[in-house]
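According to Swiss-Prot, the feature region 'Hydrophobic' maps to B:1-23, an assignment based on sequence analysis. If you look up Swiss-Prot, you'll see B:29-88 marked as domain '4Fe-4S'. The feature [4Fe-4S] cluster 1 binding site is assigned by Swiss-Prot to B:46, B:49, B:54, B:71. Per Swiss-Prot, domain '4Fe-4S ferredoxin-type 1' is recorded for B:104-133. What Swiss-Prot records for B:113, B:116, B:119, B:153 is [4Fe-4S] cluster 2 binding site, and it gives sequence analysis as the kind of evidence. Residues or ranges marked as [4Fe-4S] cluster 3 binding site by Swiss-Prot: B:123, B:143, B:146, B:149. What Swiss-Prot lists as domain '4Fe-4S ferredoxin-type 2' is B:134-163.
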């Protein structure tokens, strides 16, 4: 039993708007006519395709194999036929396309053969690899691969299960905890064993009374040391560092991670997915999505991954004055430009926005340096300083002021009396810094390659010169071997190049001489050697002979 | 009087020896300014500045032979950084040296390539692979976009293609203040 709760700095209390969608139980969303399953699940990880168009796939069949250490596998979320590979818009602020497998469901929803996995019977690495092949990633928002977060199996004292769900409007974790508390805790117990923690704390905001009751009830049936803790509802209590602070009192320093302080955090949805994977042999193929906002029938649905947002929205019946749709919460979510975007592993909520519910922000006014943002910042930053530096594009300075500790929660922009879109400035600065780092890396590589090329050219030149010198030395050796060293040989010893030229010249003369002596031979029947005055009988090679002839002629 | 003189001379000798030792012990090889300038330059090795590579241009800047506004790939930002480093005034990019273009990479039309190896010899960063009478190709990840391979190609099969925006390279835009909605 933990003795007391702690407090994190800042935070805000926006209207929660949870009741709209939290009253109805989770319903299964019907399968769309076509599923679009992106091979790239997040910006940092990609997968390569394992299926071909026309191929029949079953529910849970692997259709993509994760690439790189951060890659996780991708699975078909229902049975059907692969229609093809096509680019589809990604649930990302850029709205850029990514390659996706398009599946036409056959309506049978047939599973592959499912077999429970005994994580206790195998080495830890095998269990982690199993989670990666089941495509388990963090379902709270970042989508970070769970097998990486489980680390090396030691150094983690406390496992935190995040059921805070602090953002307004979203209720998918709330419903999940109310209805599937046993499964979540069973998944939490598996994570607990795999990470080697001593205790597990489940943090739930105190505005979710039913969820807390259901989870506590489920926890009594468990032997694992799992504790359900109700925490005060304040945005962003569900932020990793903030939740760790509230539950354990550990303040994580700037630029550090929870693991360095012996704490690791997983979302309740992730714990549920781990339970399905381990005890039922089911890879991650569906998730709970909240449909809310300006709609007639808000609620939570269990959605097959790859379902386009537009077909899903039909279930909730958006009202006619809806002007845009948000994916994620109103604080941290993104506006989706293209409604064909498929539901991914981290798409927790779709909000229909109308001018009445989400009035357009008033125009940005100058910063009056009131400091309200600094009082609201849960990451202990000074957003006004970051804003000035970002606005001036002085991103290096922003980085010095711990820009990368900003969790983009939007609390600062929420309280700003000048309506400055602070988070937009911070996002701009962050991506600018990443771009510069990429450029720097590329230019360092180019410099290295350029220098190596210069070195290689220099080396080749030297090798050529050395080869020539060796050849010249050979010539010289042959010359000095001759019985009558003469001026040419002496010259050759001084300058191998000159000697070579002389040799070539002499060869030409020799040829001319042979031609001449050939003529003479017709009359004299003398040998070419005899025709050469001062010819030495010791001369072995035809090549050297003209030399002597040449030097004799010149002397 | 004499004591004072001796003391001062003594101090002078000791300090002189210390300075002399330090100048040998902490001697800096090469010009550190050249390294700093070179770190700012984009390393495209394109020669548009009139020097055979970024390092020679950096040397020329540090010797005062070249101006800071001769590097088109570095662009305005590069000039600003150089001006900051050298304590000089910013000046716009010199027109005779070219203009700032979006980063692009060379692409060989493999149908047309005759395998002459001229582009391979021209590439300053060895980013083109191929052999005589065999097709050549550019490794896009290594290409700096210097365009030095374009001119030597006898069959004009090399084109510069701008890099498309991908999820890895996508950037958040600078927040724009919409004047019309404010009015």
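From the backbone N, Cα and C atoms, a Cβ is placed for every residue, glycine too.
Where Swiss-Prot records a feature, it is marked here on the structure.
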residue: B:46; record: [4Fe-4S] cluster 1 binding site; DSSP (3 states): coil
residue: B:54; record: [4Fe-4S] cluster 1 binding site; DSSP (3 states): helix
residue: B:71; record: [4Fe-4S] cluster 1 binding site; DSSP (3 states): coil
residue: B:113; record: [4Fe-4S] cluster 2 binding site; DSSP (3 states): coil
residue: B:119; record: [4Fe-4S] cluster 2 binding site; DSSP (3 states): helix
residue: B:143; record: [4Fe-4S] cluster 3 binding site; DSSP (3 states): coil
residue: B:149; record: [4Fe-4S] cluster 3 binding site; DSSP (3 states): coil
(message) Under 8 Å Cβ-Cβ to anything in chain A: which of these binding-site residues pass, B:46, B:54, B:71, B:119, B:143, B:146?
(response) B:54
(request) Just give me the nearest neighbour of residue B:46 ([4Fe-4S] cluster 1 binding site) among the binding-site residues B:119, B:123, B:153, Cα to Cα. (result) B:123
(request) Work out how many Å separate residue B:71 ([4Fe-4S] cluster 1 binding site) and residue B:146 ([4Fe-4S] cluster 3 binding site) at their Cα atoms, rounded off. (result) 11
(request) Counting Cβ neighbours within 10 Å across all chains shown, tell me which of the binding-site residues B:49, B:54, B:119 comes out on top. (result) B:54
(request) Please compare the binding-site residues B:46, B:71, B:116, B:143, B:149 by how many other CB atoms fall within 10 Å of each one's CB, and tell me which has the fewest. (result) B:116
(request) Tell me the residue counts in helix, strand and coil for the region 'Hydrophobic' (B:1-23), as DSSP assigns them. (result) 22 helix, 0 strand, 1 coil
(message) Can you give me the residues near the recorded [4Fe-4S] cluster 3 site, meaning same chain, not B:123, B:143, B:146, B:149 themselves, Cβ no more than 8 Å from the center of the site's Cβ atoms?
(response) B:106, B:119, B:122, B:124, B:125, B:127, B:128, B:138, B:144, B:145, B:147, B:148
(message) Let me make sure I understand the structure: which of the binding-site residues listed (B:113, B:123, B:146, B:153) has the fewest other Cβ atoms within 10 A of its Cβ?
(response) B:113
(message) Please compute the mean pLDDT of the model over the domain '4Fe-4S' (B:29-88).
(response) 89
(message) Tell me which of the binding-site residues B:49, B:54, B:123, B:143, B:146 ends up closest to residue B:153 ([4Fe-4S] cluster 2 binding site) in space, Cα to Cα.
(response) B:123
(message) Using only C-alpha positions, which one of B:54, B:113, B:119 is spatially nearest residue B:149 ([4Fe-4S] cluster 3 binding site)? These are the binding-site residues in the record.
(response) B:119
